[in-house]
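Features reported for this protein in TrEMBL:
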- 56-67: compositional bias 'Pro residues' (COMPBIAS)
- 71-81: compositional bias 'Basic and acidic residues' (COMPBIAS)
- 97-166: compositional bias 'Basic and acidic residues' (COMPBIAS)
- 170-260: domain 'TonB C-terminal' (DOMAIN)
- 51-168: region 'Disordered' (REGION)
Amino acid sequence: MQDPNSMKKKVVAALVAVVIGHMGVLWAVSHMKMAELKPIEKKPVQVRFVKIKQDIPPPPPPPVMPKPKPKPVEKKVEPKPVVKPKIISQKVTKPASDVKHQEDIKEKQKQEQQKLDQQRQAEQLRQDQLKREQELREQQAREQAARDKAERDRADRERADRESKTPRVVSFGELDWSRKPVIKYTNEDLKGSNRKMLIALEVDGTSGKINSARIASSSGVSAFDEKILRSVRYSKFRPVKGGGILTTTLPLEFELNTQN
């Protein structure tokens, strides 16, 4: 194989030679003298241009790049196994006294654990019993409270019922007629005299209805008294604030008609 550096030197030398040759030709042409022409012959001067053929060397072949050398394959070195030393354990035989001591300790710990478990169970049972007793007391307290409330409600109802049924005394001026009694009488009814009478009334304050009417003080004429009572029983008062049963006395006066 040809050395690339030697080839490059040859190409450079050839190019230098060509350049020098061209310069020599140009110099020679510039110093040439024109031939003197004789006037008689008058022959035309023939000029011929000579084309100088340049010898251009062929382009050099592309340099051949050397092939890269393959990398050497490294051999994988496997580590040598480490041989662990064998540990030979020697069984130590405890003396009989030590074995007995260990068993006694284990038995004692077992008994203590059982004792603790029994204590915990007993405490749990005690707590459960206390909880049940507390729940029972609370239930009894709720039931007693409910009974007390029911008793109070019953007492309130009875008191209200008694108050509603117990007559309340009011003055006649506190009542207001919604339908006045129509009383008609003659001098004959009065038997020739002016008459006075008192009528005791029991009134339902809620409705104003007259529950009962009776003679508290007679006019002295029983037939006239009955006539007046019938007229009063058909009358009515306006409802009273607070309601309840009301009692009052209705005073009446009757005078003779002197215009006849």
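Glycine is no exception: its Cβ is also placed from the backbone N, Cα and C atoms.
Model, not experiment: these values are computed from the prediction.
When DSSP labels each residue, the compositional bias 'Basic and acidic residues' (97-166) comes out as 69 helix, 0 strand, 1 coil, counted as helix, strand and coil in that order. Residue counts for the domain 'TonB C-terminal' (170-260) under DSSP, split into helix (H, G, I), strand (E, B) and coil, are 19 helix, 34 strand, 38 coil. The average pLDDT computed over the domain 'TonB C-terminal' (170-260) stands at 89.
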